[in-house]
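Visitor: Sharing a structure with you now.
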Amino acid sequence: MNRDAGRHGHGPADAPAPLSSPALPAGASPQQRAARWLLGLVIALGLIRLFTLGAYVLYDTTEARYGEVARLMLATGDWITPQNDPGVPFWAKPPLYAWAGAASMAIFGVNEFAVRLPSLLFFAGACAMVFAWGRALVPPPAYRPSAPGLGYDAAGRHAAAAAHTALGRATGLAAVFLLSTMPLAFVSAGAIMTEASLLFCTTWLLAAYRFAVVARARGDAPAAPVWRWGFFVAAGLGMLAKGPVALVYAGMPIFAWTLLRNRWIDLWRGLPWVRGTLLAALICAPWYIAAEIRTPGYWEYFFIGEHYKRFTEPGWTGDRYGNAHTEPHGQIWIDWLAGAAPWAEAAIVLGLIGGARWLRGLSGNNADRQPVPWSGDELFYLVLGAVCAQAFFTMSGNLIWTYSLPALPPLALLLAPWFAGQDRFAPALRRMAMVLPLVFAVGFWGWAPKYADGRSVARLVADWRAASVAAPGELVFVRDGLPHSAKFYSRATARAVGDDEGLALADGPDTVYLAFSHDDPKGPAIAPELAARFGDRIELIGSYRHYALFRHRGR
């Protein structure tokens with residue numbers, strides 16, 4: 001029994017109103033139906049994302065860069081040092097995404113589906129954590145002695161248990177559905193970047209702490225090993241997925257909840273901190289040590305540059321692999337509203353409605369005197385998980401919209417009991433829920449290929465390969481450097497030169513394919529200049545959004 005239940009008002013008897021169990025066995029049937037249609041929608045979303053993994057090319061810069069790092073890891077056999085170019089270490093991120101991508105390509109070949117598949121698997125792992133957590137949000141039915149008028153008989157108990165199971169399953173599936181239909185989560189579930197592995201680790205950390213410590217504080221039974229020891233496995237993997245920022249993402253709501261609830265004893269007793277910390281270190285430390293030995297200077301750049309200066313110095317110039325982003329303070333909240341739409345907005349509206357009801361209850365209206373939704377340990381922890389990341393990055397100017405991704409699972413869990421328990425609005429909710437998978441399907445089969453094609457040179461490289469069958473020649477990008485998608489699709493055989501060297505190559509004796517960058521989407525402005533200089537030895541192979549490909553036949 002919780003020793004502070006009376007003092008804090010969050011013991012088992014004071015479970016938050018939205019998480020109440022069905023009062024009568026008859027309530028099981030609607031929840032069973034809800035669980036079935038939610039399961040169907042979740043499966044549909046998963047299949048849509050699975051079948052769209054290979055539907056569009058890798059686009060610059062993020063996807064193509066991380067895809068090429070994974071491809072180079074497989075090609076070189078160097079599983080210690082991620083490489084941006086052959087022989088050039090890539091220090092920006094730890095290697096978990098590259099390990100997963102390289103392993104997938106070793107099985108399925110070097111293609112878009114294979115290199116994107118690990119992100120979907122990481123997302124599925126996060127959804128499994130969310131489902132288990134959502135199912136646990138529903139408290140078990142309270143049984144009383146089976147005397148006339150006092151409680152359930154044996155059949156009633158069985159029916160109540162079935163109703164509880166169905167409601168728990170529906171709540172867990174609702175949380176998975178809500179998470180999967182947030183645009184940022186759905187995109188990240190198949191994008192080649194580190195965010196999917198980060199989401200898996202932070203969700204596991206938050207869920208493990210919930211089962212091992214938050215539930216313990218309510219008087220629940222000790223957590224299973226998958227949570228008590230899984231907390232430290234997730235911490236070690238998080239260090240390999242994103243570095244210390246993974247621990248910061250999960251640590252903020254964990255620390256805030258423990259501090260504000262004064263649960264330090266539960267924190268210590270709920271998790272095996274000494275042996276668990278050693279386990280986490282055994283998972284991640286060997287790679288960090290090997291990386292510093294193999295490429296000295298890595299620790300300074302990664303821990304100081306990437307994890308301190310990046311977030312504290314707007315326009316940070318020390319980034320080796322891109323430009324620092326300069327955004328207005330508070331931009332993270334706009335990104336969160338967009339990335340979690342429409343559910344972030346729904347959470348705000350429901351929070352305002354719940355707050356208004358609570359205030360009316362304080363004013364003396366007994367009809368509105370309900371438990372405060374955030375008063376229990378469970379919901380308070382979820383609220384912290386849903387907002388701490390945005391609060392942390394509010395004053396940061398160097399950020400991108402994916403920074404709010406780890407906050408989305410707690411947000412989905414906040415809304416899941418409401419979503420799963422709606423009988424009055426169920427028809428409207430179901431219609432809206434059925435539309436969302438269709439929107440994602442149309443978007444990823446219709447819009448995504450066009451978007452990716454305009455930000456990739458995959459088609460240019462394919463045309464070069466086709467033309468090279470009859471007239472073999474090197475692919476050279478002139479003027480603006482080598483796009484990451486050119487590295488991936490040419491298998492690191494393309495190279496970049498300046499204008500003078502490019503024209504010198506065109507004067508040489510060998511056939512060469514020159515990709516000139518241009519800003520005219522209707523065609524390359526440089527074509528007349530090349531035609532005048534080289535005559536019929538130069539021909540246009542194709543014009544693309546940012547490049548034009550020419551073939552120069554050698555003398």
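The backbone N, Cα and C atoms fix where each Cβ goes, and this holds for glycine too.
A TrEMBL annotation is a machine prediction, not a hand-curated record.
Relevant sequence annotations retrieved from TrEMBL are reproduced here:
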COMPBIAS  12-27  compositional bias 'Low complexity'
DOMAIN    52-133  domain 'ArnT-like N-terminal'
DOMAIN    169-302  domain 'ArnT-like N-terminal'
REGION    1-27  region 'Disordered'
TRANSMEM  37-59  transmembrane segment
TRANSMEM  96-113  transmembrane segment
TRANSMEM  120-138  transmembrane segment
TRANSMEM  186-209  transmembrane segment
TRANSMEM  229-260  transmembrane segment
TRANSMEM  272-290  transmembrane segment
TRANSMEM  336-359  transmembrane segment
TRANSMEM  379-395  transmembrane segment
TRANSMEM  432-448  transmembrane segment
Visitor: What same-chain residues lie close to the transmembrane segment (96-113): Cβ under 8 Å, and 6 or more beyond its ends?
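Guide: Same-chain contacts beyond the flanks: 53-58, 66-67, 69-71, 73-74, 79, 82, 121-122, 192-194, 196-197, 237, 240-241, 491.
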Visitor: Could you tell me how many residues in the domain 'ArnT-like N-terminal' (52-133) are helical, how many are strand and how many are coil under DSSP?
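Guide: Looking at the domain 'ArnT-like N-terminal' (52-133) with DSSP, the answer is 50 helix, 5 strand, 27 coil.
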Visitor: Taking contact to mean three or more C-beta pairs under 8 angstroms, with sequence separation of 6 or more, is the transmembrane segment (186-209) in contact with the transmembrane segment (37-59)?
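Guide: Yes, the stretches contact each other.
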Visitor: Sort out the residues at least 6 away from either end of the transmembrane segment (229-260), same chain, that have Cβ-Cβ distances under 8 Å to it, and list them.
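Guide: For the transmembrane segment (229-260), the nonlocal Cβ contacts are 93-97, 194, 197-198, 200-202, 204-206, 208-209, 212-214, 266-267, 271-272, 276-277, 279-284, 287-288, 302-303, 306-307, 377, 380-381, 384-385, 388-389, 391-392, 406, 410.
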Visitor: May I ask which of the stretches 37-59, 272-290, 379-395 has the most CB pairs under 8 A with the transmembrane segment (432-448)?
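Guide: Stretch with maximum Cβ contacts: 37-59.
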Visitor: Report the mean pLDDT of the predicted model across the domain 'ArnT-like N-terminal' (169-302), rounded to a whole number.
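Guide: Summarising the domain 'ArnT-like N-terminal' (169-302) by its mean pLDDT gives 94.
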Visitor: Where else in the chain does the transmembrane segment (37-59) make close Cβ contacts, counting only residues six or more beyond its ends and a cut-off under 8 Å?
Guide: 67, 111-113, 115-117, 120, 123-124, 127, 170, 173-174, 176-177, 180-181, 186, 189-190, 192, 420, 430, 433-434, 437, 440-441, 444-445, 448-449, 451-453, 455-456, 458-459, 485, 488-489
Visitor: Using a Cβ-Cβ cut-off of under 8 Å, list the residues of the same chain that are 6+ residues beyond the ends of the transmembrane segment (272-290) and lie near it.
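Guide: 80, 94-95, 228-229, 231-233, 235-237, 239-240, 299.
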Visitor: In the domain 'ArnT-like N-terminal' (169-302), how many residues does DSSP call helix, how many strand, and how many coil?
Guide: 109 helix, 0 strand, 25 coil
